[in-house]
């Protein structure tokens, strides 16, 4: 049995990740489907990422809760789940990498080669690429099914316990793990660094210097690129500990792994797994923080967006009505030769240019000024007397 602090920390972290991740990733497709302006090729890829993240959160994350309570050596979920969990974890990770590559190339064409983007970056092509990513990821991950071993072993106390392990005991197994890390982690990371460097240089070379629709489009593209670059960065940072630990276990002598001790090894292992699952929950949060359209869509889906806009429009109408009433009060002031104390607008001047009203009001204003001076002179004469 694991120490209490490992069990408690792992369970709390996984429960928080599951709740936030499942709710957030369920909302992403709903936001995209409900907003007509959200149905573009980029968001189709983001929906695909959400589907992948949901698979991890629903199938893989609960196994940590079971493992930390039953003991890490014990696998109570049976042979089918023993093979399914690592297969789903790797397939989803590989499909996510391919989807992120597709998103990044789509942004490259949209910003750096806009003339080609019209026929390259289509919704039909994005949907096909998502399907292709899943097929390729599943085929490339399928050898893991041959590596995973489910056995019922005798415990030290004479009882029998089911175990689930993924050994790298042969050359082809070691080669498969190293190859998948290179093909689906290291090489994509290098490609994405180069790709986003080119995109950033292109955006910096074309700064927004004018106002209007062109400038707004450029700002929107910059916002999208910043959001996607952050998603890519978080993806690789969250996967890095697990990939590094896997390589370290394969490369170093077994004595070095044993030297960590049971407590140290499983603390490191569960930290890496929680980070792996955290990646599946963090994307919707990033969309809300960095995308105005997604944020508005999320608020609208929660029932907050329309009320807010309605309130804002009501305030605008109130302000407009107030201005209209104020103008009418000024008009009444000049028309009736009387002061209006209900309007507190200072320094404003109402001008009338239609149907000769302006000349009439100016004459009335002059008469009021003359009458005011006359009244002041009469008061002065009265005081001196």
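Keep in mind that glycine also has a Cβ here, set from the backbone N, Cα and C atoms.
A TrEMBL annotation is a machine prediction, not a hand-curated record.
Taken from TrEMBL as is:
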TRANSMEM  6-33  transmembrane segment
DOMAIN    24-287  domain 'G-protein coupled receptors family 1 profile'
TRANSMEM  45-65  transmembrane segment
TRANSMEM  85-105  transmembrane segment
TRANSMEM  126-150  transmembrane segment
TRANSMEM  170-203  transmembrane segment
TRANSMEM  224-252  transmembrane segment
TRANSMEM  264-286  transmembrane segment
REGION    312-340  region 'Disordered'
COMPBIAS  318-331  compositional bias 'Low complexity'
Of 6-33, 45-65, 85-105, 126-150, whichever stretch has the most CB pairs under 8 A to the transmembrane segment (170-203): 85-105
Proximity verdict for the transmembrane segment (126-150) and the transmembrane segment (6-33), three or more C-beta pairs under 8 Å: no
PLDDT averaged over every residue in the domain 'G-protein coupled receptors family 1 profile' (24-287): 86
Surrounding residues of the transmembrane segment (6-33) on its own chain - C-beta under 8 Å, 6+ positions past either end: 39, 43-44, 46-47, 50-51, 53-54, 57-58, 61-62, 64-65, 68-69, 263, 266-267, 270, 274, 277-278, 280-281, 283-285, 287, 294, 297-298, 300-301
